[in-house]
Amino acid sequence: MCSWCGCLECIHNIPPLNLLFLHFSSAARTGREGEEGARTLSPMASISVPDPAPSPTEDAESIRKAVQGWGTDENALIEILGHRTAAQRAEIAVAYEGLYDKPLLRTLQDELSSHFKGAMTLWAMDPAARDAKLAYKALRKKGGDRHAWVLIEVACASSPDHLVAVRKAYCSAYDSSLEEDVAACPLYKDPLKQFLVRLVSSYRHGGEHVDGELARAEAAELHGAVAAKKQPLHGDVVRIVSSRSKPQLKATFQHYKREHGKAIDEVLEGNRNDKLSAMLKTAVWCLTSPEKHFAEVILKSSTFSRLLQF
């Protein structure tokens with residue numbers, strides 16, 4: 001795999017960016033600690049995997065060396081864990097526990113500190129367990145739209161099977177279903193709450209088949225709700241966006257642009273003061289072009305921009 005391009009293979013290997021920004025933003029506000037953290041995090045600005053990669057045993061031994069002695073070699077940890085796929089990190093974790101009789105995550109929790117600890121432990125987790133944890137935190141934090149974005153990312157930016165794995169991991173870790181917790185969350189009101197519930201409980205068809213007539217009809221329904229009625233989370237919109245396969249949605253959005261002269265995300269972007277439009281645009285981008293959404297998150301985060309300069 002080459003440098004991160006925003007494709008689904010790469011998306012599966014990174015945590016939802018919005019909550020990771022909370023670690024970075026807090027670190028940046030702590031003065032020198034944030035400055036040092038920024039310098040340390042810079043290798044992750046270009047996410048790539050060496051080919052061939054060291055064996056899991058070699059990586060486990062290098063991690064052990066990085067956390068032993070006085071201080072921690074944070075650059076070495078980033079060079080290893082920040083430049084391996086999720087499958088490779090899982091193999092490293094198995095090798096580490098086999099060699100040292102201690103889980104890798106426990107070692108990171110014990111040996112690291114502050115915001116670097118939070119970011120690296122999230123990065124090293126199993127992707128489904130990590131997304132479940134981020135969703136759990138998002139449902140319990142106040143602070144506006146950012147946390148709802150995390151739920152949309154988890155539900156829309158990955159494959160249908162990954163979302164099923166996230167729901168299973170959530171249920172196992174918290175003895176509750178993700179869908180029930182979203183429905184019970186006091187931070188969100190309908191229609192946004194209904195939209196989020198439908199997204200996290202969905203299971204989309206994973207095939208490539210597209211029904212052209214359906215795409216044309218549903219493009220008209222979307223236009224009627226979004227542009228004519230100014231109801232971005234109208235029932236028809238929620239049904240279409242939360243249930244159709246990604247290829248089907250791409251075809252629908254293409255019909256929308258051809259018939260009405262403007263892409264649906266452009267229409268939603270025009271409603272700058274409408275939070276519901278912003279949420280729908282996030283879902284549209286995560287479903288059809290996740291790299292657009294994550295690029296926008298990065299560009300809008302002045303803190304993250306400062307981190308990338310080091």
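Any Cβ shown, glycine's included, is placed from N, Cα and C.
Record features (TrEMBL):
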type    : residues       : note
REGION  : 33-59          : region 'Disordered'
BINDING : G69, G71, E111 : Ca(2+) binding site
Next on the checklist: For the Ca(2+) site (G69, G71, E111), what does the 8 A shell look like? I mean other same-chain residues with CB within 8 A of the CB centroid.
Outcome noted: A66, V67, Q68, W70, T72, D73
Next on the checklist: Quick check: in three-state DSSP terms, what is E111 (Ca(2+) binding site)?
Outcome noted: helix
Checklist entry - So for E111 (Ca(2+) binding site), how many other CB atoms are inside 10 Å of its CB? => result 17
Next on the checklist: So if I draw a 10 Å sphere around the Cβ of G71 (Ca(2+) binding site), how many other Cβ atoms end up inside it?
Outcome noted: 9
Checklist entry - Under a criterion of Cβ-Cβ distance under 8 Å and sequence separation of at least 6, what residues of the same chain contact G69 (Ca(2+) binding site)? => result none
